[in-house]
């Protein structure tokens with residue numbers, strides 16, 4: 001899989017851009033603030049319908065413009081697809097596939113598959129659980145695009161249920177009882193969607209575990225006992241060879257929701273479910289978040305991305321690799337090892353502030369990015 005063309009209209013700093021791309025290594029070099037990361041962000045948006053830098057879409061639209069457009073031509077084997085996304089702040093975004101409208105933007109998910117390496121990746125190790133949950137969920141959708149609907153349904157139910165809890169809590173504090181007649185219904189939805197999401201995450205962690213350990217050794221250049229464990233907010237149900245895992249987890253979530261209801265009403269929050277889960281990362285038995293050195297943390301963050309890359313390749317979904325200013329964060333040894341590991345990919349896009357940050361192992365087409373223009377280097 002690779003991109004052959006990227007077109008932008010009023011996306012971030014670009015009034016307009018048409019960029020022809022090819023397989024292999026593509027390097028984008030330019031000083032900070034010239035628009036390199038905006039290109040990576042646009043490509044990632046086509047793959048995930050989200051930015052890795054901001055949570056809302058409004059900042060993606062160039063100041064003064066009413067909307068932004070991102071077009072990408074994707075080649076996979078002997079097939080090509082043209083994806084167009086229109087980003088409209090305050091309104092529903094629109095999508096086209098091969099110039100024909102599709103009912104929902106998420107219908108184009110899966111056409112482009114990417115793995116992004118970025119300076120923000122250090123937060124996968126050192127940051128809050130939300131970043132690690134997002135890492136798992138984005139990979140779930142990349143492998144199984146229908147999981148986007150499960151995530152959307154879970155988020156919708158979570159918001160509705162939490163609103164009901166806040167309303168009930170306010171009523172009780174005012175001396176009333178609060179209307180909880182529909183809470184049982186929302187509990188059922190939350191447990192059902194939550195169990196599907198949780199079991200999918202558990203299966204993903206098991207699939208990733210061997211790759212993370214191997215990638216860590218390859219990047220760090222040293223062996224270490226790397227731990228990779230999913231921590232659910234719900235006690236693990238007892239093993240049952242007859243009942244499916246999803247059914248047992250759904251029952252466990254329901255039971256915890258019942259037990260937590262008084263606290264949830266008091267706090268106005270849903271305290272049970274996969275939105276409260278975490279991924280515990282350890283190095284030599286110690287939590288990486290608190291004990292890993294800077295180098296160990298970077299090796300582990302890169303290992304998560306490399307393991308994702310290999311897992312998608314094993315699924316016959318060769319991803320486009322996006323490396324956004326990541327080499328500047330690494331020492332010389334890790335730069336060289338990472339370059340050797342990603343070089344065989346079908347397409348690799350690398351950004352760097354200076355040419356010296358790009359390892360010699362990554363040779364290919366080079367562009368210079370300056371003041372919103374992207375010019376091929378001679």
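From the backbone N, Cα and C atoms, a Cβ is placed for every residue, glycine too.
Secondary structure at residue 37 (ATP binding site), as computed by DSSP, is helix. In the shown protein chains, 24 other C-beta atoms lie within 10 A of the C-beta of residue 37 (ATP binding site). Annotation source Swiss-Prot lists ATP binding site at 30, 31, 32, 33, 34, 35, 36, 37, citing sequence analysis.
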I'd like the number of other C-beta atoms within 10 A of the C-beta of residue 31 (ATP binding site), please.
11
For the binding-site residues 32, 34, which one has its C-beta crowded by the most other C-beta atoms within 10 angstroms?
34
Using Cβ-Cβ distances, find the residues under 8 Å from residue 33 (ATP binding site) that belong to the same chain and are at least 6 apart in sequence, listing them in sequence order.
none
